[in-house]
Ligand code: HPA
Ligand code: ZN
């Protein structure tokens, strides 16, 4: 199996924070355009600061970096740069997260963020023929009340969003804190996902299932510590959007050589590979696939299963899903 086979393999991105695709070069360009001061002298200086010891040390830098995003055009440019990049990685469908509270708390109106991102999404659809869904994530270190306020701001946009998510500092902010706002989002017809078991315990994965009624789990690594939970996730074909380079960068897994992705597949889990915050963790989705395949010596069949799982785990309708699976099968047959 060549790297080229992996790169061109049709795949879906299901776990990507658009703010985490802000490359240092664009950060500098936007800082200059918006006259925002950033505490770095050069692009190299920024990259040198990207050495993390856990989730929080990353989040502190990630939220600081987002301060350069001010106008609709900034959010559009950010999104376009991301889609242009992953069009080269075989991505034919993307369901991406954005964190409205990161921006509204700095005085940027929700509508500015949403207008800009949707402008970028429309451009990507036209340019790359990609399908794209946008998922609004609540910041779990903030209150339930703040999440409800954000949900109210999103009201005019709800028919254009595909789902809600839950991210930021996991420890001490269990899914139970957001049960009511997730119930409201579900009632509004949105799909539901939550980061769980990235740093937090398997118990948080149970809560995401039982209290938030999620359709998808983001990360989910620590579910492996609970055999009954693993059996349940496998039985229910619950998708786990796993992010190997993120796991190593945030030290949730010591090395890529020890990453449990193939163990997850062997246990019957519907695991997939994604990029999380590619500008910060050293690679986009193609890089995650290629490096993990090499480090774990994945078979061609395992890599194809991961790509198939990305479509199965998406929020696409049955007919579009069948089309993507047929394209994937045709690619595998021809290559
Ligand atoms: N975990 C939690 N919150 C996040 C992440 C992550 O990996 N990336 C951006 N927000
Ligand atoms: Zn994430």
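Using N, Cα and C of the backbone, Cβ positions are placed for all residues, glycine too.
The Zn(2+) site in TrEMBL is built from 15, 17, 195 plus one of 89, 262, 266, 276, namely 276.
Checked against residue 17 (Zn(2+) binding site) by C-alpha proximity, the recorded positions 198, 219, 277 yield 277 as the nearest. The CA atom of residue 15 (Zn(2+) binding site) is located 13 Å away from the CA atom of residue 198 (active site, proton donor). Residues 16, 20, 97, 167, 218, 219, 241, 243, 246, 274, 277 surround the recorded Zn(2+) site, their Cβ atoms falling within 8 Å of the Cβ centroid of 15, 17, 195, 276, which are themselves excluded.
Within the set of recorded positions 15, 17, 195, 219, 276, 277, 17, 195, 276, 277 have a CB atom less than 6 Å from some atom of ligand 1. Checking the recorded positions 198, 219, 276, 277 against ligand 2 with a 6 Å cutoff on the Cβ atom leaves 276, in sequence order. Comparing residue 277 (substrate binding site) with residue 198 (active site, proton donor), their Cα atoms are 14 Å apart once rounded.
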